[in-house]
C-alpha cells in the first residue's frame with residue numbers, strides 16, 4: 001500500500017494548483033490568519049531572509065510497505081529493523097531533484113549563494129525581501145501575536161511547474177511560529193502565570209494549552225488514599241499495575257531503553273521526584289533520568305509552579321516508578337530563549353533527519369546557534385543522541401495549525417524511527433473532538449470558542465506512524481478489586497476534567513492496518529454527524545489507537561501532592577508497559593517491538609475493550625465508546641500478559657505463564673479482593689532444559705506480588721529456585737487488604 005497525504009477542503013492550509021503565472025502555480029496557501037495573530041505591515045524591504053528549501057525525498061511511495069514488513073506480526077521480516085544508514089540511503093533526495101532546484105535558483109540570480117546540507121535534503125541561501133518575493137511570487141508581511149510576538153510570513157507562494165514535484169515546502173512562507181521568543185520568555189520566568197505557562201515550552205499554538213495535565217487540587221501526604229479499592233478517587237502506581245496486570249520490574253536490561261520528551265521551560269524538580277518515590281517506590285529515591293540536552297535544553301528552576309513543572313514531574317515520576325530499576329532518558333529540548341519543536345527533537349536523535357532530508361522550518365522550529373542574548377550558542381544537535389526504544393511525548397498541535405506538507409514530512413520521520421525499531425507515542429489531546437483549549441473550526445476556517453463548528457483533530461496523533469494514546473478513568477465509585485475479580489471492566493472513557501482526544505484526520509489517509517477496525521465502527525456504530533462536523537469519508541486516519549488511565553493521578557508537585565488529569569498521564573503509562581514488554585523480549589534474545597500499531601490492530605483481544613463514555617466537544621456529545629475500535633479510546637487499554645504473549649512469537653511465554661501458574665498455588669491469596677491475573681492461571685509446566693535463558697516469573701496479587709525465579713544456565717544443566725517476595729504492598733494479613741506503597 002502506498003501511504004499518502006490528503007489535502008481536503010477541511011484543511012485550513014492546503015497545497016493547491018492555481019492558474020499559471022509565468023508558468024508558476026501556487027504551491028502552498030494559507031486560507032486564514034491563525035488564531036491570535038494579526039497582519040500588521042509589509043516587511044521592511046531591506047530585511048534579509050534565511051531561505052530553506054525542503055527537497056522531496058525518494059522512495060516514500062514504498063515507505064509504508066517497508067514499515068509493514070518489519071512491523072506486521074504476520075510478516076516474515078517482523079522485528080528485523082533497519083539500521084540508520086539503511087534508512088538514510090533509502091530516502092535521500094535524488095540527484096535529479098537536487099540538480100533541478102539548483103538550476104532554477106541559479107537562473108534566478110542565486111548562483112554561488114546556495115548551500116546544501118550534508119545529505120542534500122535541504123538547500124539554503126539568504127535573500128533580500130525583494131529577491132524572495134520575486135522568486136516565490138509573493139509578498140511578505142509582519143504579523144503580531146496577541147502576546148506581542150512578531151512573525152514574518154506570506155499568505156501563499158508559487159513555484160514553476162517543473163520545480164513543484166521536487167519541493168516539499170519552502171520557509172519562511174505560510175508557516176506560523178510555534179515558539180515563545182526571548183522578549184516574552186524572560187518576563188514569564190520572573191513570575192508565575194499559569195495560563196500562559198500552559199502554552200510555552202512546547203510545540204503547540206501560543207494561545208492553546210495543548211495536552212498539558214490539568215491540576216485540580218493539592219494536598220499533603222496524609223490525604224493520600226492507600227487502599228486499592230479507592231483507585232477511582234486516586235491513581236497511584238499499584239492501581240495501574242492492577243488495572244493492566246503488569247508486575248513491578250526488578251532489574252534493568254542494558255539493551256532496553258525508555259525516553260520522555262520535554263520542552264523547556266518545562267522541567268522536573270528533583271525534590272518532587274523524591275517526594276513521590278519515597279511514598280510509592282522507595283528504592284528509587286535519588287534516581288534521576290539520564291539527561292540528554294538537545295539544542296540547549298536546560299532544567300530551569302527559576303519558576304517553580306505547576307505550569308512549569310507539572311508535565312515533567314508527572315511524566316518522570318510515573319515512568320521511573322513503573323520501570324525502575326530500568327533507566328529512563330529525559331530528552332530536554334530547547335533553550336530558555338529560542339524554544340524548540342518536534343523537529344528540533346527529531347534532529348537530536350536522528351542525524352539523517354537534519355542531514356539527509358528531514359529538517360527544520362525556521363518559522364516553526366528553533367534555529368541554533370541562537371543569536372539572541374542568553375541563547376544556546378552551541379551548534380544544532382544533529383543525531384548526537386541515541387533514540388530510545390520507546391519514546392513518549394505528551395505535547396501536541398492542532399492538525400490545522402500547520403501545513404499538510406510540513407506535517408507529512410515530519411510524519412515520515414516517525415515512519416523512519418519505526419523502521420529502526422522505535423515505538424513513538426503521542427497523547428491524543430484532552431478536549432474530546434475539539435482542539436487545544438477546546439477550540440473548533442468555524443465555517444470560514446478560523447478557530448472558534450468550541451461551542452460549535454467542525455471537529456479539530458490533533459497532530460502528531462493523526463499521523464499513522466505514531467501510536468496515539470487516549471485517556472480512560474476508573475468508573476466513579478468502582479472498586480477495582482471486586483471488578484477485576486469478577487471479570488468486570490472497571491474503566492470507561494475519561495469524562496472527568498478532561499475528555500479523551502479522538503476523531504479523524506483531515507490530512508492523512510487511512511492506513512491499511514486499521515482499515516478493518518475503522519470500517520467496522522462506521523458500519524455498526526455510525527455517528528449522528530455529517531461532513532459538516534468531521535471528515536466522514538471513511539478513507540482517513542482515525543485516532544487514538546489505544547488508551548490508558550488519565551484521571552486522578554497523584555503526583556509530587558512543588559513540595560506537595562497534587563491530583564492531575566490528562567492524556568499527558570496516559571502516554572507515559574503506556575510507554576512504561578511497552579518498555580517492560582521490550583525487556584521481556586530482550587531477555588529471550590529478541591529485539592524491540594518497534595512500531596506496534598499493526599500488532600495492536602491484528603490482535604484486538606490483547607486489549608481491554610472500553611465501551612462506556614464519550615469525548616464531547618464543539619457543542620456536541622462527540623463520539624461514543626463502542627465494542628471494538630472507536631475514536632474515543634481506540635482499541636482499549638493494554639492487557640500486559642496478553643500483549644506479551646502476542647509479541648513473543650514463540651513458546652517462551654507459554655512456559656513463563658505455566659511456571660507462574662504452578663507457583664501461584666504456593667502463594668496464599670486469601671485476603672478480600674486478592675486475585676491472580678490471567679497469566680497466572682495456566683496449565684502445567686514443561687521446563688525447557690536446553691535454554692540459555694534467565695527469566696523471572698511473576699505471580700501478581702493485588703497490593704503485593706510473588707516472584708517465581710527460574711534460572712536456566714548451560715545447554716545441558718539447569719537449576720530452578722522459586723521463592724516468594726512481597727514488595728511495596730505493605731504487610732498482608734488474613735482478612736485485610738494491603739495498603740498501597
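Residue numbering: from 1, along the chain as shown.
Backbone N, Cα and C define each Cβ position, glycine as well.
Owing to the predicted nature of the structure, the values given are computational and were not obtained by experimental measurement.
Per TrEMBL, the feature signal peptide maps to 1-18.
Marked as domain 'Peptidase S53' by TrEMBL: 234-650.
Here TrEMBL flags 311 (among others) as active site, charge relay system. If you draw a 10 Å sphere around the CB of residue 311 (active site, charge relay system), it holds 29 other CB atoms from the protein chains shown.
Residues or ranges marked as active site, charge relay system in TrEMBL: 315 (among others). According to DSSP, residue 315 (active site, charge relay system) sits within a helical segment. Residues near residue 315 (active site, charge relay system) in space but far in sequence (CB under 8 A, at least 6 apart, same chain), listed by position: 260, 262, 392, 394, 568, 572.
Its own atom aside, the Cβ of residue 568 (active site, charge relay system) has 30 Cβ atoms within 10 angstroms in the protein chains shown. For the recorded site, residue 568 (active site, charge relay system), the DSSP three-state label reads helix. TrEMBL lists 568 (among others) with the feature active site, charge relay system.
TrEMBL lists 609, 610, 628, 630 with the feature Ca(2+) binding site. In three-state terms derived from DSSP, residue 610 (Ca(2+) binding site) belongs to neither a helical nor a strand segment and is classed as coil. Same-chain residues at least 6 positions away in sequence with a Cβ under 8 Å from that of residue 610 (Ca(2+) binding site) are, in sequence order, 472, 489, 491, 492, 493, 547, 625, 632, 633, 636, 637.
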Three-state secondary structure, which DSSP defines for residue 630 (Ca(2+) binding site): strand
Residue 311 (active site, charge relay system) to residue 630 (Ca(2+) binding site) - Cα separation in whole Å: 27
Fewest other C-beta atoms within 10 angstroms, as judged across 609, 630, which are the binding-site residues: 609
Around the Cβ of residue 628 (Ca(2+) binding site), the count of other Cβ atoms that are within 10 Å: 18
Whole-number mean of pLDDT values that fall within the domain 'Peptidase S53' (234-650): 89
Ca(2+) site, defined by 609, 610, 628, 630: further same-chain residues with Cβ within 8 Å of the Cβ centre: 611, 625, 626, 627, 629, 633, 634, 635, 636
